[in-house]
Amino acid sequence: MTQLKQARKGIVTPEMEAVAKTEGLQPEFILKGIADGNIVIPVNKLRKNLKLCGIGKGLSTKVNANIGTSTDFGSVASEVEKLKMAEMVGADTIMDLSTGPKINTIRKAILENTCLPLGTVPVYQAAVEAKDRYGAMVKMTADDLFGAIESQAREGVDFVTVHCGVTRQVIDTFKGQGRLTDIVSRGGTFTAGWMVFHGAENPLYEHFDRLLDICREYDVTLSLGDGLRPGCIADATDRAQVAELLVLGELVKRAREAEVQVMVEGPGHVPLNQIEANVRLQKSICEDAPFYVLGPLVTDIAPGYDHITGAIGGAIAAAAGADFLCYVTPAEHLSLPDVTDVRNGVIASRIAAHAADIVKGVNGAAERDRQMAIARKKLDWETQLKLSLDPEHARVTRDRFKTRGKACSMCGDFCAMELAEKHLGVSVSRC
């Protein structure tokens, strides 16, 4: 039985208990959230020794790290190195977005080397193999696509991004809309290109029940991809984006009826003043399904710093109710990310997630900041480093300049904490 089916039967599974313990909540809270469809636990029934992760309403905001090869660059060793870095700095899940050679070997190596939930975009495998087999991606068959989905489910993939909402009607809306950046989702482009070439409906939509059968058998969580997400802020919240979202709302209902866990992906590039509205719209249309956002990026003019533009948008989105942040790295729009980019991307998104969790009232979030404030007042550097999101970087920065006393090298003899104690009678308890 799937986690959703067991939740509806009132069965608290070991996975629900583990997530409850991590979140500091009662197992019954997790059970109800899964039964209602506003919490998911991505866990393929074939995966063992997984570090379980709950995503959704009332839980801490989670962070995903994308890794994977491109057609020109990448190797098993480099992707495993990125994987280990993402794990080390606190990613909650991993997605393999490989499109290069040895795509199956890469995915299997990632599965063998991680205890985190793994997600994929199966159309990438189907497209790569169709190009090799038939000479063109668009010549893949529906069976090729569903074959890729099922083979990955058998391997143990925990969640899959599928662009089911890119329908013929939605494509007509997109064509009538007019956009600056057209379609920027690779999976969305592959799907739309296939539909135009064959003059046919999206097989993931037309045969959605077949997809549900696979996911139900292996308890793979569906992540309904936003193939028409805006690729620039000028395209944000347009008719094409909303038309696809309406379809995804229908598919959320069908997935729940089939007792398959489901979450929904979202934009993309969105200006600050539209982010909250986007979250509210998704939550309404998709009946409070967990919301998984890429960023969103709040400006288009910061290549090299898009981990920052994404963290700004991610903090606002998560504070408004988004549940799951897909990290953005400094390499976004420029190149394949390297291991340093992965580190910076995860940390930036974790900062955004934590900032939002304070607003959400997530269990323990504000208390960590309170403990940091106490440690700072005491000039207790070890506790400050321990509480920081990136202790290694904080320690290196702290140690760049050696000081005579306990104050940092910025203030020295003019430390505000020490002066307050000396002249205002505000006690600073020394560590």
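Quick reminder: no glycine exception, Cβ is built from N, Cα and C everywhere.
Among Tyr124, Tyr134, only Tyr124 appears in Swiss-Prot as part of the substrate site alongside Asn66, Met95, His163, Ser185, Arg186, Gly187, Asp226, Gly227, Leu228, Arg229, Glu265, Tyr292. Counting only the Cα atoms, the space from His333 (Zn(2+) binding site) to Tyr124 (substrate binding site) is about 19 angstrom.
Arg229 (substrate binding site) and His269 (Zn(2+) binding site) are 8 Å apart (CA-CA, integer value).
Tyr292 (substrate binding site) sits 42 Å from Cys411 ([4Fe-4S] cluster binding site), taking the CA atoms of both as reference points. Cβ-based neighbour count (10 Å, all protein chains) for Tyr124 (substrate binding site) stands at 23. Taking the Cβ of Gly187 (substrate binding site) as reference, residues of its chain lying under 8 Å away and at least six apart in sequence are, in sequence order, Val121, Val123, Tyr124, Thr161, Val162, His163, Gly225, Gly227.
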